[in-house]
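**Q** This is the structure I have questions about; it appears just below.
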Amino acid sequence: MARAVEPERRLLAIYTGGTIGMRSERGVLVPGRGLANVLRTLPMFHDKEHARACSLPEDTLVLPPARPDQRVIYTVLECQPLFDSSDMTITEWVQIAQTIERHYEQYHGFVVIHGTDTMAFAASVLSFVLENLQKTVILTGAQVPIHALWNDGRENLLGALLMAGQYVIPEVCLFFQNQLFRGTRVTKVDTRRFAAFCSPNLPPLAVVGADVIINRELVRKVRGKERLVVHSTMERDVGLLRLYPGIPATLVRAFLQPPLKGVVMETFGSGNGPTKPDLLWELRAATERGLVILNCTHCLQGTVTSDYAAGMATVGAGIVSGFDMTSEAALAKLSYVLGQPGLSLHSRKELLARDLRGEMTLPVADECQPSLQSSTLGLGVAQLLSLSQQADAVRDALTPSLACAAARAGDLEALRALAELGSDLSLEDFNGQTPLHAAARGGHAGVVTMLLQRGVDANARDKDGLSPLLLAIRGRHRSVIGLLRAAGACLSPQELEDAGTELCRRVQALLPARTPHAACWVQPPSTVSSLNHWPASDFPAASMGPTRGELCCEM
């Protein structure tokens, strides 16, 4: 996770419908069109003077400056037709994902305006449909229409736009009542209160108050820079079976029949169910014919375990543990896994038991201290940061500076030690630089490789707006430049302009030189090598003085 530093951040707001834009007709709420026109009249959502100065199109609005050096510009894309979220299915959610894919390169982030009734389902499905996500996607909505005098829609939508505009959180999230939740961890818990959603088994990724508090250790890291993949082949024939005391085996048998291919089974407590032989026989028969059953607790908090005999019975029936997944996330994951082509039944069950999108907490067998290497700095860091529980605050304060110092020195051992202690190597130091900036400036290719593999953002900007790629270019570190480019790094428009100005300045300085002198000065080895086949007498002396051999020695 990194704070966005670009002076202009562009978002796409996809308006699908929902209470936030509804209007009252004949005493009932119906989807209301023209949300962009409504937002245009609200000063908190649109700076008319800036929009006029920039000649923004009708469907594009700009927020007032939340920071002096940054603007959030957003385009509202209204679905045709608008939906009541109760009518939305996997088909519509895949279409939303495909819309994000089509516009992925044009925008820095995305906000999906959605009805609250099925928003938790939508957030979970989008989390699995969108693979290799490297940009922020936030769902939001409202309990009360934005037209009402007292409503929650303005605060929710503005918060979602600001979070997506000012931060890079490469996940599908849900923003509601000043809290940013992971999409696969959230569920709706209230029909009337503004605090309609909660994340029962994972703290919020961010909480907004007088300050924005980001739980950086919870935000998932980007692993590599693979291209965005949209999985449109989700399995629709999945269902939800909630066990209750005395549920008859005949009812379970009827429910588990084809064409059903997967079932999320909500059980009691920590994953327990009735141990009646006829019921267990039906469950076992279903799994043996290839039906996949995922066991989730119907409790709001807690996880599925096998502590009780009743829980062990479900394991014996071939049922996969869903640990602490919400039912919404479990249904989405089941649909995703069963939709993957070419997998065996065993492979599908293995995939269900893995944490794919931060949707569940896996049990930890041994909580042992990580082993550290023998690097002097690494050992010193380890001793400092593992002293006691009180070291948490010290770790948060010192880790960025220590990591940057290690990266600047090319000390891989120290960085590995910090990583083993759970430190976030993407955090910024007091200069707004990440360890990747320091490693790129110093030309430490090994450190750059390690940081990129751990998901550090290749396009992070420091307080001066400089990227690791620009620092590597300035230092002429070709191997580092190649690594960063392969990871998706690119120069911002301002950096391109500055680099062009610098290039022109350097070329101007070379104008008095002859061809081989210039080649030696800028050091492209192939050019210098080819020119060296020509006799020195074939080239006139350069007006700047040194011969080409002297230049090569200097460089």
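Just so you know, glycine gets a Cβ as well, placed from its N, Cα and C.
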**Q** SER55, SER85, SER199: which one does TrEMBL list with THR116, ASP117 for the substrate site?
**A** SER85
**Q** Using DSSP, tally how many residues of the repeat 'ANK' (431-463) sit in helix, strand and coil.
**A** 17 helix, 0 strand, 16 coil
**Q** Go through the chain and flag residues at least 6 beyond the ends of the repeat 'ANK' (431-463) whose CB is under 8 A from any CB in it; none is fine as an answer.
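**A** Distant contacts of the repeat 'ANK' (431-463): 2, 4-6, 168, 221-225, 400, 403-412, 415-416, 419, 425, 469, 471-472, 474-475, 477, 479-480, 483-484, 487-490, 492.
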**Q** Given the substrate binding site residues SER85, THR116, ASP117 in the record, what is the largest Cα to Cα distance, rounded to whole Å?
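**A** Per the listed residues, the maximum Cα distance equals 7 Å.
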**Q** Roughly how many angstrom lie between the C-alpha atoms of THR116 (active site) and SER85 (substrate binding site)?
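**A** Distance (Cα to Cα, whole Å): 7 Å.
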**Q** Taking 10 A as the limit, how many CB atoms besides its own sit near the CB of THR116 (active site)?
**A** 24
